[in-house]
């Protein structure tokens, strides 16, 4: 009985570690009216210092919007700066904002991280 309980606890801890191992992005989806602001939040994998925001239009591959090394934006050449903005605080969480959002901004916005 004790061995079975120990195995169950070890399994639960392993599953919890696997669940928490990925990038966390919020919201999963967002529906807004035109001209309203929208913000996306990303928490990268712990220990990763490089963070990426991508935009993926319907039927196309992801396009890099901005890349951060720690807090510094090192490649933001594809970020439309008139209505889009991004920041990364303390080299951890990041936000991507669109204000005001236009119909043409309808897309999938993805966050990724790496060492």
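Backbone N, Cα and C define each Cβ position, glycine as well.
Taken from Swiss-Prot, the feature signal peptide applies to 1-21, supported by sequence analysis.
The annotation domain 'Ig-like' is assigned in Swiss-Prot to 22-115.
Under the DSSP three-state reduction, residue 111 (disulfide bond) is assigned to strand. Summarising the annotation, Swiss-Prot assigns disulfide bond to 42-111.
Non-local contacts of residue 111 (disulfide bond) by the CB criterion (under 8 A, 6+ apart in sequence, same chain) comprise 23, 25, 40, 42, 44, 51, 52, 53, 54, 94, 96. Around residue 42 (disulfide bond), taking its Cβ as the centre, 23 other Cβ atoms fall within 10 Å, counting all chains.
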